[in-house]
Amino acid sequence: MEPEPVEDCVQSTLAALYPPFEATAPTLLGQVFQVVERTYREDALRYTLDFLVPAKHLLAKVQQEACAQYSGFLFFHEGWPLCLHEQVVVQLAALPWQLLRPGDFYLQVVPSAAQAPRLALKCLAPGGGRVQEVPVPNEACAYLFTPEWLQGINKDRPTGRLSTCLLSAPSGIQRLPWAELICPRFVHKEGLMVGHQPSTLPPELPSGPPGLPSPPLPEEALGTRSPGDGHNAPVEGPEGEYVELLEVTLPVRGSPTDAEGSPGLSRVRTVPTRKGAGGKGRHRRHRAWMHQKGLGPRGQDGARPPGEGSSTGASPESPPGAEAVPEAAVLEVSEPPAEAVGEASGSCPLRPGELRGGGGGGQGAEGPPGTPRRTGKGNRRKKRAAGRGALSRGGDSAPLSPGDKEDASHQEALGNLPSPSEHKLPECHLVKEEYEGSGKPESEPKELKTAGEKEPQLSEACGPTEEGAGERELEGPGLLCMAGHTGPEGPLSDTPTPPLETVQEGKGDNIPEEALAVSVSDHPDVAWDLMASGFLILTGGVDQSGRALLTITPPCPPEEPPPSRDTLNTTLHYLHSLLRPDLQTLGLSVLLDLRQAPPLPPALIPALSQLQDSGDPPLVQRLLILIHDDLPTELCGFQGAEVLSENDLKRVAKPEELQWELGGHRDPSPSHWVEIHQEVVRLCRLCQGVLGSVRQAIEELEGAAEPEEEEAVGMPKPLQKVLADPRLTALQRDGGAILMRLRSTPSSKLEGQGPATLYQEVDEAIHQLVRLSNLHVQQQEQRQCLRRLQQVLQWLSGPGEEQLASFAMPGDTLSALQETELRFRAFSAEVQERLAQAREALALEENATSQKVLDIFEQRLEQVESGLHRALRLQRFFQQAHEWVDEGFARLAGAGPGREAVLAALALRRAPEPSAGTFQEMRALALDLGSPAALREWGRCQARCQELERRIQQHVGEEASPRGYRRRRADGASSGGAQWGPRSPSPSLSSLLLPSSPGPRPAPSHCSLAPCGEDYEEEGPELAPEAEGRPPRAVLIRGLEVTSTEVVDRTCSPREHVLLGRARGPDGPWGVGTPRMERKRSISAQQRLVSELIACEQDYVATLSEPVPPPGPELTPELRGTWAAALSARERLRSFHRTHFLRELQGCATHPLRIGACFLRHGDQFSLYAQYVKHRHKLENGLAALSPLSKGSMEAGPYLPRALQQPLEQLTRYGRLLEELLREAGPELSSECRALGAAVQLLREQEARGRDLLAVEAVRGCEIDLKEQGQLLHRDPFTVICGRKKCLRHVFLFEHLLLFSKLKGPEGGSEMFVYKQAFKTADMGLTENIGDSGLCFELWFRRRRAREAYTLQATSPEIKLKWTSSIAQLLWRQAAHNKELRVQQMVSMGIGNKPFLDIKALGERTLSALLTGRAARTRASVAVSSFEHAGPSLPGLSPGACSLPARVEEEAWDLDVKQISLAPETLDSSGDVSPGPRNSPSLQPPHPGSSTPTLASRGILGLSRQSHARALSDPTTPL
């Protein structure tokens, strides 16, 4: 499986937060690149893990809180409040401070190297001139998008109220009043709110009996999901494929996410409240309910109808500001919804002493809200006893207070139920705030308002923070969600709980939990509860000797039962095993804190004594006892211990190595540490299990034998088995997150790299397995192709041969031939399909014998097809001839007396008999087929045609006699001859007579004879040529006079409409378009040219197949190499023309005008002629240099063989024939004519292209490899002006390089160019017009001293236009290509901890400028006047140094760069670049926004530095 790139992870995260992503992508991706470059030093993986994922959790919380009160409504902007369509509200990078005005501000997620990213408000400082950053507390996320929040900000500002929020968009920065921003828009329909569900559920769901699961809930109605529900994120399946980069969960320190999102944490929660229950303001939204397992499918994530949250206010027992959760609603989730917790919430571990408020203990020693407090020893003892009771394994818990016993009954009822959280993350622990940068935690908030007050200034989601050295007290039974989830309330249930709950994402998965979760009971000897309660703490500090410091604080009152000696030994050995090898050698320094005079566990001192005496080296190297009074009796006889006071701690360890309680700076969280290391234990077991299965799969693949039977190509079964392993899925999903969380522990610097190394071994093993699987699949494909080849060969020699032989005698009738043709088409299609399969197999493994068999069968197939087509043509001719004769005789027999001559003339004119040439051609065709029946039929057709001609001649002769003339006059007088009048021309049939010497007549175009009244007037003018001096003759037919020049309507004949209808068409005598005869003549000429072209191509292929004489001995080694290169190019031309091009031309025989498209389709192959031109000119120059040495004429010296001159002569023939064909094509066939013109241009370019390639090789003194600079676009001489210098230079324009050279004398008969200067086109800018001559343009370059610029004067306007157009197109193409480079660089390398991305330097990346639509920090490059648009110019920039346009249409970057041609372009009248014949107009100019928009080659595209960067950066030779 391919790894999921980091880019996909980034895009999916942004798409989930800022929909629609296609609108917000330009702005967001630019901000992403900016932060990656400036803050994370181009490490995309670190950016993703350290910034983007925590920021997603934070922003998801903000969005959910903002949308909470609008649950059930359909938002008009689905990304509100983070974005409004393309306008981004919460920025991921800083905006230019110059855009800020008084009263403006914007929101940004600010990265931090020392802690998780945070939300901040940025505005102008009161004095102006700088930006002020106001942190937004995590607690404020609950009411961020409210007017009260901004009012609170404005209260603390001395001057100037903030009122307008800045939004970033592709078009620029937008301003929106905060009052409008915080009010979302909804979609309405017919006066009702779309998506509102007024009748499906009551406002408050009735709660069931305590301890029972909630009743099943109906599904949501379509459209009721809001952005805060988490449904706008793409659904991701939990079962990832191999090394699929899934989202990692990082510890968001201080985040309140899971405090409200985790059900069953505690009975009383401290959460911020907005409005009181008295109804003064808006209420909280309907709460979402979690589903119980077993009530439905595991993927029931859509049925979450709104339900009311807490229906009661704060309980009397809870502290002020806390909301009491009713007992019947213990499974209720406050914030965020179930799926949102599963996707976006970070870890929130609960530490002992961080949750205030017990079940019924009242406030106890707690002081007034908001005042710092210090709890006495008694409360501390109560706290620790309650904490241990909550964490005890096996059900032993501390006695509960009377107020808690009632809740315990509900817990017992719920203890055996499945977990109420089906979709939440395992990190459901409450966590304290971490305050980086200060020496100690901040004090508690000044004020926590009650539920009835208006709004809190600062609230705590995970428990309040307090002042003092570790004075974090718990006033009731504390909870440690150490194993991934706990019971709904109170202490943990007796059932062992897994350390990490399976994350249910999307629609759930079918992974068994028992296969993924490792329960605590799997490690019965490691006392996790002792470490979680703070009894044993590996602080992460070291003493003065460098030993790891371990603190032991005995609980007060002591645990019941106390820990045994073996338990303590095992736990201490486990903590010692976590250290690095060097620290393990030094041993542990154990600090026993007895300042509170707690009773010591009986087994503690013997265990320490044993560990101090045993082992090599001993595990405990130093024992320190911290005490206020005298030593306890248990320690009086203990040897090797040092007794210390609090003042002596400074000489033991530095303050930064000690805990807060000991006067130091460290503040470890035991519960957090235990949770992470339990997950590490699970991770190691997963790694070991996966590693075993992967290695087993590798052995199976390496030992797999080649199958005897054919198998389907696909993923090998061992790999499928590994990928289906739920352990691998869990490892993919959680492994990286666990390792990242392990690094966040205080003791991580002291611990070894065992888990990471094991994780890396799994990564490498999976990579090895994938490589073997890919090799296995390739072998399968090869075997399958070879089997197909064998099957094709067997079919060709068997059924194929039999069917081909059946077409040898196609039949003697037209119907039989047509039926045979249908069968042959089906057979030919099958053969071609099988031949394609066979050639695909031969491409993998060449086999000359098989290839020959295929070629022979294909040739025979073509011969049969040709014979069948000729037989069909012959039979169709016979049928048409018989039909013509039959219709002629029928006309003669059915006509009345005196009309036969007219009918005969019409028949001859309208459908003339086949000419003698056509008969001779058909006779040759019959002889070629070798069919006696066809020859007999040919003779019969000829005899019948001659008989009909004789009959027509006989009737025409009779009508031309005097008797016939008198009969016609009488008939005319009786039928209305008075209508003609005295001036009517006398009709004469002499014009109908055939010429005296009958020559060949044109072949019949069709076989039917049209009625005389319909067709005579159309063809009458061309019946017979008039003699010189005679007036034009006319023929009278039913009231119409038809002369050779006009048609005059004499009557209202019923047939008139037929004439008029036909006259309007292209076949009418005055119809539009080319006349019929002219069109026939044009088609005939086209077919003649195509036939000549095919014959010429056949001769050319035969000539290329002839051997070339070997070169003479007088050739130098260099010339011999050129000779061999020319022969190689000639052989490639022979292969191309013989295999492909000849067949293409033969296929165009019936469609002559398709020849142009045929040439263009093989344009890449015709580029071989440019290479051939280069080699031939080198040979000619070299042979010319050798000729004086032969002391004779050229004939006596070496010469170029005729066989090597033939290819270029063929190019000339192609061009001549195509030009003639272009002249014969009619104007209405515009597309074919354009293709022919482009083909002619293609052929003409090859000669010039070859000379350009030769000139490139003639550049001397250049240390740059010009072959790596892309295609050579142009080469022309220019007058170059640089400052006061003016010189003549030959300039070469490559795709990546601009080179100046000077022409020197011939070297061996060829030109030579001396290298002068070179510049990268990525640093180049263009000004199209300089001066008034119209011949000059300017090229200038960034990163040069004083903006180095060169003015180039062309010899003609055409050359100038060609260069400027190509340079402009080149710069835009580089800009489009830069987008692809950016995407390709963000590629994941696996699931290991290796870096996934190497992004270019800051100076080489400016795609963010394009995506954000802002100027690229004065990276001015090119001002192209051909892209001018109306609009004001950008301020502060000169026309020669403009910055990027304010906006670039996104469509301009979604281009297929391969379609952009490098051919010269022209400018149309509008000033836009119009492509040449071969160009594809796929690249658009920039969006209107400035008078001279710019093209920034370097500013748009950051190319990687080539090996010759130094040669390009500094001039080596003066220009």
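Placement of Cβ uses the backbone N, Cα and C atoms for every residue, glycine included.
Values in this document were obtained by computation on a predicted structure and should not be read as measured data.
In Swiss-Prot, the annotation phosphoserine falls on SER262, out of SER214, SER226, SER262.
Looking at the stretches 794-821, 934-961, 1186-1213, the one that Swiss-Prot records under the feature coiled coil is 934-961. If you compare SER1356, SER1438 in Swiss-Prot, the phosphoserine annotation sits on SER1438. Per Swiss-Prot, the annotated phosphoserine among residues SER315, SER419, SER669, SER986 corresponds to SER419. According to its DSSP assignment, SER1082 (phosphoserine) is helical. Rounded to a whole number, the distance between the Cα atoms of SER931 (phosphoserine) and SER1082 (phosphoserine) is 34 Å. Look at SER931 (phosphoserine): DSSP puts it in coil. Just so you know, the Cβ of SER1082 (phosphoserine) picks up 16 other Cβ atoms within 10 Å once every protein chain is counted.
Sequence-distant contacts of SER931 (phosphoserine), defined as residues of its own chain at least six apart whose C-beta falls under 8 angstroms from its C-beta, comprise ASP812, ALA871.
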